[in-house]
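A.B. asks: Encoded as structure tokens, here's the structure I'll be asking about.
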Amino acid sequence: MSRHTPRIAIVGVAGRMGRTLVNAVEQEAGATLAGGIVEPGSSLVGTDIGELAGQGKLGVTAVDSLAAIVDDFDVLIDFTAPQVTLANLAFCADHGKRMVIGTTGMNDAELAQLDGYRTKLPMVFAPNMSVGVNLTLKLLETAAKALGDEGYDIEVIEAHHRHKVDAPSGTALKMGEVVAESLGRSLDEHGVFTREGQCGPRTDKEIGFATVRAGDIVGEHTVMFATEGERIEITHKASSRMTFAKGAVRAARWVADKEIGRYDMQDVLALN
Ligand SMILES: NC(=O)C1=CN([C@@H]2O[C@H](COP(=O)(O)OP(=O)(O)OC[C@H]3O[C@@H](n4cnc5c(N)ncnc54)[C@H](OP(=O)(O)O)[C@@H]3O)[C@@H](O)[C@H]2O)C=CC1
Ligand SMILES: O=C(O)C1=N[C@H](C(=O)O)C[C@H](O)C1
């Protein structure tokens, strides 16, 4: 297989990201659209995935299992749900496939299970595949190192569409982790995820999270560094899911010739 023309299958192909990914792969000369997987028993089995994505027939029909297309693809792109992704990891590890995983909302046990696959297949796992967010993570590292121990309070605020099922977003958690790590703090100890009633004043070292769910917001994240007399806000706003999808296709091309291991978008974009 050449890294420049991996055959890509998309699981969750009827979802918001799945449909956007079909369009992104089609726009990418260096990748081939090889398959689309929908939920087992879905009425969409047999539907052309180009029609699902609103661009007319592409000659690739939706199936409801990876086994049905096992010989057809090299890299699986998965933006679904935690348990679905973990089952797909097991299949891909057993069948010599590679994965790009954008699924968020995994709990600690699920994250540990995912991490166990770092020795079994090449995978890119990142809560946000956009170039802008991944550059923002570097800016946050710099800001946290400069400001965090100088009396600046740190808060992470995110907003997403009304359909999103996990909170805070995977990106918000990653931003919190980057800031915490830069300051030698632990998010387990210093993360504050709810404030309600007589909760008292904030402590100096806490990192607060706030979540908005409304309408069709694609994805917005702000990290605030605030002190007496001033505040700095570092904000990223996504206005189209295509930014995530293009990043995922870039990751699929990148991982196509990588050794077994767990990688993230910082690796793909050479930001490490
Ligand atoms: N890393 C990143 O850059 C980004 C990550 N995300 C994350 O991606 C995930 C998906 O988001 P989004 O596209 O908005 O969600 P959607 O709910 O629109 O899409 C998920 C799709 O997965 C399908 N699905 C569920 N179970 C299976 C299964 N067993 N086999 C095949 N398909 C299945 C669902 O089908 P059905 O509807 O029939 O249940 C649905 O079509 C979320 O975790 C989100 O946070 C989103 C954007 C960017
Ligand atoms: O569910 C979404 O839509 C998004 N999820 C990701 C997350 O949880 O961080 C990335 C993006 O913000 C869109």
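Each residue, glycine too, has its Cβ placed from N, Cα and C.
All TrEMBL annotations are machine predictions without curation.
Per TrEMBL, active site, proton donor/acceptor is recorded for HIS160. The annotation active site, proton donor is assigned in TrEMBL to LYS164. Taken from TrEMBL, the feature NAD(+) binding site applies to GLY12, VAL13, ALA14, GLY15, ARG16, MET17, GLU39, GLY102, THR103, THR104, ALA126, PRO127, ASN128, MET129. Under the heading (S)-2,3,4,5-tetrahydrodipicolinate binding site, TrEMBL lists HIS161, GLY170, THR171. According to TrEMBL, the domain 'Dihydrodipicolinate reductase N-terminal' annotation covers 7-129. Annotation source TrEMBL lists domain 'Dihydrodipicolinate reductase C-terminal' at 132-269.
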A.B. asks: Mean pLDDT, the domain 'Dihydrodipicolinate reductase C-terminal' (132-269)?
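C.D. replies: Here the mean pLDDT over the domain 'Dihydrodipicolinate reductase C-terminal' (132-269) amounts to 97.
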A.B. asks: Let me know the most crowded of the recorded positions, choosing from ARG16, HIS160, HIS161, LYS164 and counting other Cβ atoms within 10 Å.
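C.D. replies: Highest number of other Cβ atoms within 10 Å: HIS160.
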A.B. asks: I'd like to know which of these binding-site residues, GLY12, GLY170, is least surrounded, judged by other CB atoms within 10 A.
C.D. replies: GLY170
A.B. asks: Please list the binding-site residues from ALA14, ARG16, GLU39, THR103 whose Cβ falls under 6 Å of any atom in ligand 2.
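C.D. replies: Once distances to ligand 2 are taken from each Cβ, none falls under 6 Å.
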A.B. asks: Just give me the nearest neighbour of ALA126 (NAD(+) binding site) among the recorded positions HIS161, LYS164, THR171, Cα to Cα.
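C.D. replies: So, spelling it out, the nearest of the recorded positions is THR171.
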A.B. asks: Go through the binding-site residues GLU39, HIS161, THR171 and pull out the ones with a Cβ less than 6 angstroms from some atom of ligand 1.
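C.D. replies: Result: GLU39.
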